[in-house]
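In what follows, a single structure is set out as structure tokens and then discussed.
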Amino acid sequence: MPSSNSGNELLLRFFESAHFTSQLCVAYLSRYPNNIGIHHFLCEKLATFPYEEIEFFIPQLIHLVLNKDSESVALEEFIISQCEQNTQCALITFWYLQAHMVDLGLQPHSSCFKICKRLYNRIQILVFMSSSSLIQSQQKISENVTPALILSGIMLGGVCVPELLKKAGPIAIAQGRKAPRQDPDESDVDVLRRLSTEPRYSLDVLRSSLNNSIVEQHSEVSLRLKAPELTRTHSYQSSATLSIDEQRRVLRSNYFQQEIQFLFALQDISIRLIIVPRQARLSSLRAELALLNNNLPADVNIPLLRSYHKEVSHKIVRIDPKEATILNSAERVPYLIMVEVLSGELSFEPQSKKNKAKVQKIVSHKNQRKRWFDLTDVDPYTNLQDSTDNDISESESEGGDLSMSPLIKGLVPDTLSLSKSFSSFGNVSLQVPSSHRDTDVVLLSGRHSDSDGNGALKRSKIYASEITARMRAAATMLSQLDAEGSRRPKAETERIKNSIILDMQRLEEERLNEPSIYPVSVDISCAEDLRFGKETQKAERKGDRDDPSAATFQEDWYAKKERIRKSSPYGHYPNWDLVSVIVKTGADLRQETFACQLIYAFQRVWLECKEKVWVRRMKILVTGDNSGLIETITNAISVHSIKKNLTKQLREAELAQGKIAGKNVVTLKDYFIKQFGDPNSSRYRQAQTNFLQSLVAYSIISYLLQLKDRHNGNVLIDSEGHIIHIDFGFLLTNTPGNVGFESAPFKLTADYLEILDDRFDEYRSLMKAAFKSVRKNADQIILLVEVMQNNSTMPCFRAGENTSAQLLQRFQLQLGDKECDDFVDLLIQKANCSVWTRLYDLFQNITNGIY
């Protein structure tokens with residue numbers, strides 16, 4: 001930056017002040033896209049902030065680098081640099097770029113697409129290639145005249161002014177790496193045209209590219225970039241020939257390949273379940289997860305839960321199929337899984353004994369052609385040895401899911417023909433072969449040799465594969481029945497469908513009664529507790545067949561965690577832990593992630609201002625343009641489920657007493673009294689305080705962000721009384737059906753007022769204080785919106801640049817303190833028992849059965 005320019009001097013002084021935050025740094029990157037010097041300085045400044053802050057802004061940084069037409073390559077190089085340093089950053093960036101590749105498939109000639117394509121391929125090379133020479137070959141200076149002339153001038157000037165070479169030299173070199181402007185050749189255009197005419201399959205093309213070759217010179221996705229031909233792994237004679245950095249790169253590459261295929265496998269399960277009737281989805285899901293467990297333990301984790309401060313993470317050892325739950329959804333099939341992990345078990349430090357052996361195994365090409373988590377091939381007799389090679393520690397040469405019992409054999413005949421089997425399928429019954437039970441008993445007793453245990457483990461995996469294959473066959477037949485329903489009598493179709501579904505459900509009852517295969521190291525003294533846990537779980541499953549997620553969310557998280565630990569073959573490890581995530585496909589979660597960013601920004605403001613309000617931060621991992629992982633909010637249940645369950649219990653009690661069941665729906669206060677005791681007790685008062693403080697926060701957030709679709713299925717109450725809002729598909733400028741039906745500023749129902757009771761004035765007072773706090777820090781919210789609103793594909797930015805202008809208006813910055821208090825009172829008055837809120841809840845109850 002020229003020091004003679006007074007404006008730049010003031011700007012530099014501001015950049016170097018203590019008040020210049022990471023958020024301001026991102027905002028100024030957006031404001032100065034065409035000033036190469038400022039851009040490079042800001043990227044250097046951004047690199048000085050903690051990684052946690054940098055990761056928070058990854059969506060904004062990617063949006064800027066793709067949509068801000070700039071000659072500077074500083075931001076692109078900054079992103080690559082961060083990905084080199086941190087695996088979490090590389091993974092998140094990879095997924096976001098993949099989603100943008102799909103978005104931009106219809107604009108193959110745009111600069112956005114070219115930048116995205118270049119970055120996407122560079123990230124692939126970075127994370128999948130184990131050879132440093134391949135990565136370094138991507139860092140050569142291109143034939144750019146202007147940077148070359150500037151660099152020559154800097155070198156000449158550096159003779160007299162050495163500082164000039166030190167400061168400006170790296171900028172010129174970085175700019176020299178900028179790819180020259182050129183149009184893709186005709187063959188590239190043909191490839192792009194195929195991508196653009198089939199947008200639904202573009203993500204599948206990306207997946208195929210990753211699975212087959214990761215990055216190839218002639219793949220459709222890479223569009224024949226001028227890059228060296230890449231193979232799946234680089235050939236080495238021995239790990240001894242590798243430097244420490246190269247060994248670390250081998251471990252990172254191995255992690256990325258397994259992690260991405262693991263997440264693909266989870267998403268594919270959800271997609272396959274779409275064709276399965278709702279009554280049979282739970283059984284099918286658990287069979288799929290049983291097969292997935294054959295590849296665990298593995299070098300995979302849940303990126304949402306990684307530590308920011310070190311390249312050490314948890315390692316997934318098991319996903320308990322019995323605990324998996326289908327969430328209520330008519331169109332898509334999101335599901336919840338309980339993931340068992342060992343904390344601090346996954347690292348990329350090559351000098352540990354375990355990682356040394358792993359590096360040697362990788363570079364020796366033993367797993368060169370191996371595909372992890374490939375659930376499309378369910379031949380139970382293949383790749384058994386590979387599935388038992390994943391280790392947890394040096395003392396355990398074989399891992400895998402040791403707790404999955406053999407379930408059934410003979411769900412459908414092996415040679416069953418779909419076109420001929422419907423008439424006879426209704427007579428098929430599920431049986432658990434006695435030989436399977438005998439195997440479990442031997443393993444449970446611990447009286448067997450290692451060879452016996454290995455054989456039993458392999459047989460268990462064979463049976464799990466058989467079950468999955470037959471479950472899929474049954475699901476296919478069910479979908480075929482729906483397709484052929486008009487060509488056969490309706491009664492016959494229903495009979496066959498019911499028979500198949502009942503048999504699949506009977507499988508669950510059989511499984512709950514089966515003992516598990518435990519490793520010898522497990523303490524069998526807890527068997528009584530395990531049987532009790534199975535009985536409890538069995539009762540829950542029977543009681544919630546119509547709503548399989550109900551029991552999952554009603555059970556206390558810590559009790560569930562302890563129950564699963566006792567029944568787990570890995571529960572005896574001191575670093576064992578349990579995490580819960582939701583796998584969701586068929587929905588773009590980038591807007592949800594952005595909403596969570598904004599809500600977290602509110603939370604930080606209130607924490608800094610020490611306001612006594614409460615917000616629950618949510619984490620979401622975007623894994624594509626229509627998929628992702630969502631952190632589960634534990635110990636919380638929706639208001640809909642609360643009212644539905646209490647109403648059902650009340651009516652059953654009335655019928656048991658010989659009374660005519662009434663039609664009145666219970667209130668939230670009934671639940672609070674049931675959950676927290678007498679309204680005058682200290683426990684109830686604390687829950688009331690928690691409700692009040694969280695209601696204030698979400699009332700202000702709902703108004704400022706214009707959160708819509710606030711029915712009772714999207715509002716939770718946790719075990720401490722806090723209210724929590726979820727599902728942010730409608731905010732800022734988009735509304736359900738593009739109709740402004742929810743015109744109240746926020747949701748403040750009679751239920752809420754009944755819980756507040758005599759503390760309504762306290763609610764009003766805290767609303768005013770919390771609103772004033774966010775007004776003073778409005779720029780922290782508005783800047784996030786301003787950065788993202790241009791050229792965004794998210795529905796919430798339908799108004800374009802007017803989005804941030806409308807948000808600014810809602811902050812009412814022109815008002816004084818007294819006028820601001822009056823404004824908040826007016827908002828509360830409009831929201832208080834709003835007729836629009838009542839009508840929307842009634843509409844949801846009539847159309848979707850939401851209480």
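Just so it is clear, glycine is given a Cβ too, placed from its N, Cα and C backbone atoms.
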According to Swiss-Prot, which residue among Ser133, Ser219, Ser516 is annotated as phosphoserine?
Ser219
From Tyr236, Tyr684, pick the one Swiss-Prot annotates as phosphotyrosine?
Tyr236
Among Ser209, Ser222, Ser283, Ser421, residue that the record in Swiss-Prot marks as phosphoserine:
Ser222
Take every residue in the region 'G-loop' (564-570), average their pLDDT values, and give the whole-number result.
92
DSSP-derived helix, strand and coil totals, residue by residue, for the domain 'PIK helical' (1-123):
92 helix, 0 strand, 31 coil
